[in-house]
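Reading through the structure tokens given below for one structure.
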Amino acid sequence: MNLILMGLPGAGKGTQAAKINEKYNIPHISTGDMFRLAIKEGTELGKKAKEFMDQGDLVPDEVTVGIVKERLAMDDCANGFLLDGFPRTTRQAEELQNLLSDLGKSIDYVIHVDVPEEKLVERLTGRRICPTCGTAYHVVYNPPKEEGICDKDGSQLIQRDDDQPETVKNRLAVNIEQTQPLLDFYQDKGYLVKVNGDRDINVVFQDIESILEKK
């Protein structure tokens, strides 16, 4: 089963990826993990990626696609994979189609965990972090016992700059602009399935299971 998981920040994509990985035993492959592995193993492409990353530059498509191809050719992907964070553009999506064809593979589903923008803003702006131990809370979904205070060590909880309302709205706007052409691409190919992510995480996963059981 070869899957791509898509969703905006705060949609709960990471949670669903972990559940898919656990139930179906297919590797959850994120772009960051792929880069780290290639750099750690000292592959030619890993060295090239490191050069760009060390300079704070974006890694070019040809290097990224090469690293993806190396990763998908590994033994643990023989029975499937779950891609997360790649592709990010329609050009990368086209390159992925080509490299999968070279490997004798194809995509089964592109699962889009869809959550209304206002809900994403609520989820992201409600996050609070303990600066001492790193424990994460949410003012609505996972509040501390005492408002604004960490349950574990009594530290004053903080809101990260990234989670300020204006920053969150800007980040979502950029992501929506980048993601829509990709969703259209996979819709046209017949791979795209949308799952309503604005529900309990177990209910969302049941929907994903019902899609995957059809395969």
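Placed from the backbone N, Cα and C atoms, the Cβ positions cover glycine too.
In Swiss-Prot, the ATP site is described by Gly10, Ala11, Gly12, Lys13, Gly14, Thr15, Arg199, and among Arg88, Arg91, Arg127 the residue recorded at this site is Arg127. A Cβ distance under 8 Å defines the sequence-distant neighbours of the region 'LID' (126-163), meaning residues of its chain 6+ beyond its ends; these are 171. Across the structure, Ala11 (ATP binding site) and Arg88 (AMP binding site) place their CA atoms 16 angstrom apart. Note: the Cα of Asp153 (Zn(2+) binding site) and the Cα of Gly14 (ATP binding site) are spaced 27 Å from each other.
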